[in-house]
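Inspection log for the structure reproduced underneath, given as structure tokens.
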Amino acid sequence: MSWIERIKSNITPTRKASIPEGVWTKCDSCGQVLYRAELERNLEVCPKCDHHMRMTARNRLHSLLDEGSLVEMGSELEPKDVLKFRDSKKYKDRLASAQKETGEKDALVVMKGTLYGMPVVAAAFEFAFMGGSMGSVVGARFVRAVEQALEDNCPLICFSASGGARMQEALMSLMQMAKTSAALAKMQERGLPYISVLTDPTMGGVSASFAMLGDLNIAEPKALIGFAGPRVIEQTVREKLPLGFQRSEFLIEKGAIDMIVRRPEMRLKLASILAKLMNLPAPNPEAPREGVVVPPVPDQEPEA
């Protein structure tokens, strides 16, 4: 027996620990290994470098609205492959795959509820659903959100995270840009606030329509915001773009957005702004969550 075999006989192999999949994750920015549950408690913000990772639509709405107040709207609306569109894959197959992966029927989730006791309607994009692209159902759900805000005489908040219009729906997708913008004009006529929160990324037809039409346009840190992407622009102008081009910090320097707010501070900041705009008491984070009295819907003047 060789000396190597004698050493091997005295070694007792340890039992390999089984770690369930999804317990740990890695920060996309700094590479820090993070405990998944802790990251979720921190609203998907890296505790080391403050990188704001992408957040699901439902988690975002649940983190915003008061617990027990959420009521979903427009969930019965489902996308249809009217054009029988096919690129490298059938559109209906892409829809089925996205629905299975995300558990959502389409890329926008709309809920009404309360924010520190104040009635609001909120919408959030699910970027994992075909890149948060805007099709007819996204447009219809957004209009439904506007109509609900008008009915309840309350503010509307939308969290955008989209690559733009959904090419598989062609002109029906592009039509949603005008449809959603026209709906927001009714909010303006009524004098109800609409706050647009731009998250990473907000691009294309969404940025060219309702995402930039807020009475206040707020962005998360380092969010990519624009129409065409930086690579497309560089290839078109054949020049190297400035560092941080199209990021929220660049845009606020140019006056394209109103403010940048970190995700953990977003809830209180939105509530404080809306309370001022609606002439309601300022939210108190320490006080128990109670409903507030919202001014009644103003009488409509008869049309001439």
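For all residues, glycine too, the Cβ spot is worked out from N, Cα and C.
CYS27 (Zn(2+) binding site) carries neither a helix nor a strand DSSP state and counts as coil. Among the features that Swiss-Prot reports, Zn(2+) binding site is placed at CYS27, CYS30, CYS46, CYS49, with the record citing sequence analysis.
The feature compositional bias 'Pro residues' is assigned by Swiss-Prot to 295-304.
The domain 'CoA carboxyltransferase N-terminal' (23-292) scores a mean pLDDT of 95 in the predicted structure. The domain 'CoA carboxyltransferase N-terminal' annotation in Swiss-Prot covers 23-292.
What Swiss-Prot records for 284-304 is region 'Disordered'.
Beyond its flanks by at least six residues, the zinc finger (27-49) meets 55, 59, 63, 262-264 of its own chain at Cβ-Cβ distances under 8 Å. Summarising the annotation, Swiss-Prot assigns zinc finger to 27-49.
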Taking the centre of the Cβ atoms of CYS27, CYS30, CYS46, CYS49 as the Zn(2+) site, the remaining residues of that chain with Cβ inside 8 Å are ASP28, SER29, GLY31, GLN32, LEU34, PRO47, LYS48, ASP50, HIS51
